[in-house]
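For 122-147, the entry in TrEMBL reads compositional bias 'Pro residues'. Among the features that TrEMBL reports, domain 'Type II secretion system protein GspB C-terminal' is placed at 189-246. Marked as region 'Disordered' by TrEMBL: 116-167. What TrEMBL lists as transmembrane segment is 40-61.
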Amino acid sequence: MSLILEALKKSEAERQRGKAPGLFVEQAVLAPRRPRGTPAWVFALGALLVVFAAAAVWWGWSRGASMAEADGAPVSSTTPSVPPANEEVATVPASMAMEAPPPASVGRGESIRASDARPLPVTTPPPASPAPTSAPRPVVAPTPVPARPAARPSAPPEPVAPPAETESAAYADALPRLADLPAAERNALPPLNITMHVFTEEPAQRFVILDGRRHGEGATPTAGLVIREIRRDGLVISFNGRDVLVPRP
């Protein structure tokens, strides 16, 4: 039954929609609309316009004041003062000054004759003395300075060998070499296996390595064998009191 009643109510409601409302039909009460307030951005825009207007007024006032001060400032004249031109004034001596004749008394019926009037003397100014001209100074020509001859480059000094090295070189050249010894003397020498030979300008830093051992000048590798000098081209040894030059490998 409830379904039938709901269907009847829906059909009645659909019929009533197309008809004008009657007097006894209850109208839905609409809620009154609240007046909308002024948006906040309107107040912000107004405040911004007021600030801009105040800034424009202040800027115009300050500019007008500065222009008024600039107009009221005195303008200094930069025109240079020009000295007056030298004018020659004719001076008249007191003796030459002529007094004007007293006027003649003219009676009735008498007239002044033109011949009686004497002209005043005219004084001319003395001619101006010409300004003294300075005589041109003689131009003194500069005295030429003789050019100095260019200094010749000095020749570099020839290196002079120290006397000690010269004597040592001459002494070593006079020594017999190991290959020049007789076979008997060569066989008497111990084996000299030179694996390294270092020569420097400082004698203390020179050394040779014989049979895996390092020896400097004055060393005694074996009995009866003394290394007397380490040269650039070899070493000088002394064996049983005889000096021999052993060339470097």
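Using the three backbone atoms N, Cα and C, a Cβ is placed for every residue, glycine included.
Note that the coordinates shown come from a computational prediction; the quantities given were computed from them, not determined experimentally.
Mean pLDDT of the predicted structure over the domain 'Type II secretion system protein GspB C-terminal' (189-246): 90. Remark: secondary structure over the domain 'Type II secretion system protein GspB C-terminal' (189-246) totals 3 helix, 29 strand, 26 coil, with classes taken from DSSP.
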